[in-house]
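Asker: Dropping a structure here in structure tokens format, bear with me for questions.
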Amino acid sequence: MSEKIAFSEDPEIQKNRWWIITAIGLFTFMSTLDTSIVNIAIPTISRDLHVSMSQTEWVATVYLLVVCSLLLLFGKIGDLIGKIKVFKIGMIIFTIGSFLCGFNVSFWMLLASRLIQGVGASMTMSTNNGIITEVFKDSERGRSLGWIGTFVALGSIAGPGIGGIILGFLPWGYIFWINIPVGIFAYLLGVKVLPKDITFQKSPVDYGGSLTFSLAIISIVGLMSYAQLNGFLNLPVLILAIIFIVSFLVFIRIELKSSHPLVELSLFKKVPFSISLISVLLIFIGNFAFNVVGPYYLQNLRGMNPSRSGIVLMAFPIAQVIFSPIAGRLTDKYGSELLIRFGICAIILSQIGFCFFSASSPIWFVILIIGILGFGNGLFQSPNNALTMASIEVENLGIAGGLNALFRNLGMVFGLTISTTILFSAMSFKAGHKVVSYVNGRPDLFLYGMKVLFIVMMVLSLIALILNMIKFNRKSR
């Protein structure tokens, strides 16, 4: 039997490696885009399907629930049967789900279609970094993961901008149907250039761990989503919190006893790996705080229409698109340490800038601060992703990629909930009564809440910076 050649040593695969990253990157972009693009269409969907705004929020929530709860399972399955096989099946399922989502038939059909879409997205998100890490040599790993970071940034932050532009000209179904031609092209390209899997694990699936982990994720995401609308001090939140704690503790117990666990908990003993995941969580919480207040600031306070505000908000992903590949290339040459630190410092600088926004701030200043946030994320995410994947053995790349995507998506969920809670609590404190939305005629309330919010986000970013300083100081000893 001929010996299998590693992807990074196979001349044919190396010839197609940038086409491989194109196919994977396009799907990474679409699956992350669909976490945020729906939010701007919620009022329109609510009106067309004759359901309340709070019900319509579940169109966004059910997608995140499915994605987060299945990421580790599909990451593990990718390690067992092949990451490329799982990725290809996910491409098909996601595209079918996108097709079904676009039909204006009923609210329940839309929810079911989003569930299908979420299954496909979790399959692609959990395996993309693992595939790229296997295909590219160590000398190009930073640059390749930098491009994946670019697609992630575009998808997670460009949603409001792209969604606003689409809704300005077309019915809401097209925010889903835009995925179909891109999905078909990416799938056909993937069939042509993606190789057959050669790395497998020989172990059974940990169904007990998968079930308890999914229950823990569903309960915590459900808790955050419910608390966003109804506050934290109520019985449903308490029940969901108890379910989360119990299911999470049972999950840990199962994993410690299992001979073939869903997650090798020993992975978290690797300090660079653990700190990289925590950093992703903290930075994405801050990014989604911007996602919450950005449209409010531009549309409600500055009076911009969705299309124009969408263009201004695009300063974030455009800056990240420019600097992520550059940061990836620099990572391959000089390592991750300085880039991660500089990136987080730039993010903190932008958060300071947001605190100085006013009703009359020049638009060039607004775009500059948003661009600095994108610049900081570009410098941070590429080397952080490379460091996360480089610290893990090849047979665990699937689960490592799943964990990376999980922490990123949890950052989005927590960022959305925490930021709205802080924003409206601060506005209520200044107003002297409960505030649950933007108050017309009182821009001072919103600006005060925005300042408090970004001070908190600054603290989270400082924690990420300190953790990374500890990480690299330990490494240098």
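For all residues, glycine too, the Cβ spot is worked out from N, Cα and C.
Pulled these from TrEMBL:
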TRANSMEM  20-46  transmembrane segment
DOMAIN    20-476  domain 'Major facilitator superfamily (MFS) profile'
TRANSMEM  58-77  transmembrane segment
TRANSMEM  89-109  transmembrane segment
TRANSMEM  115-133  transmembrane segment
TRANSMEM  145-168  transmembrane segment
TRANSMEM  174-195  transmembrane segment
TRANSMEM  207-227  transmembrane segment
TRANSMEM  310-331  transmembrane segment
TRANSMEM  338-357  transmembrane segment
TRANSMEM  363-380  transmembrane segment
TRANSMEM  406-426  transmembrane segment
TRANSMEM  446-467  transmembrane segment
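Tell me about the surroundings of these features in the structure.
Answerer: With a threshold of 8 Å between CB atoms, the same-chain residues lying at least 6 positions outside the transmembrane segment (145-168) that come near it are 21, 24-26, 28-41, 44, 128-129, 132-133, 174-175, 178, 284, 287, 290-291, 294-295, 305-307, 309-311, 313-314, 316-317, 320-321, 324-329, 331, 374, 377-378, 381-383, 385-386, 389, 408, 412.
Distant neighbours of the transmembrane segment (338-357): 279, 283, 286, 290, 293, 297, 327, 330-331, 365-366, 368-370, 372-373, 375-384, 387, 447, 450-451, 454-455, 457-458, 461-462, 464-465, 468-469, 472; these residues of the same chain sit at least 6 beyond its ends, with a Cβ under 8 Å from one of its Cβ atoms.
Proximity of distant same-chain residues to the transmembrane segment (363-380), defined by a Cβ-Cβ separation under 8 Å and at least 6 residues beyond the stretch ends, is recorded for 149-150, 153, 157, 279, 283, 287, 290, 294, 298, 312-313, 315-324, 326-327, 339-340, 342-351, 353-354, 357.
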Asker: Using a Cβ-Cβ cut-off of under 8 Å, list the residues of the same chain that are 6+ residues beyond the ends of the transmembrane segment (406-426) and lie near it.
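Answerer: Residues 35-36, 64, 67-68, 71-72, 125, 152, 156, 217, 220-221, 224-225, 227-228, 231-232, 277-278, 280-289, 291-293, 435-437, 448-453, 456-457.
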Asker: Summarise the model's confidence over the domain 'Major facilitator superfamily (MFS) profile' (20-476) as a mean pLDDT value.
Answerer: 84
Asker: Please indicate, using numbers and ranges, the residues of the same chain that are 6 or more beyond the transmembrane segment (89-109) and have a C-beta under 8 Å from a C-beta there.
Answerer: 27, 30-31, 34, 48-49, 51, 55-56, 74, 115-124, 127, 171-174, 176-177, 179-180, 183-184, 186-187, 190
Asker: At a Cβ cut-off of 8 Å, and with pairs 6 or more apart in sequence only, do we get at least 3 pairs between the transmembrane segment (58-77) and the transmembrane segment (207-227), yes or no?
Answerer: yes
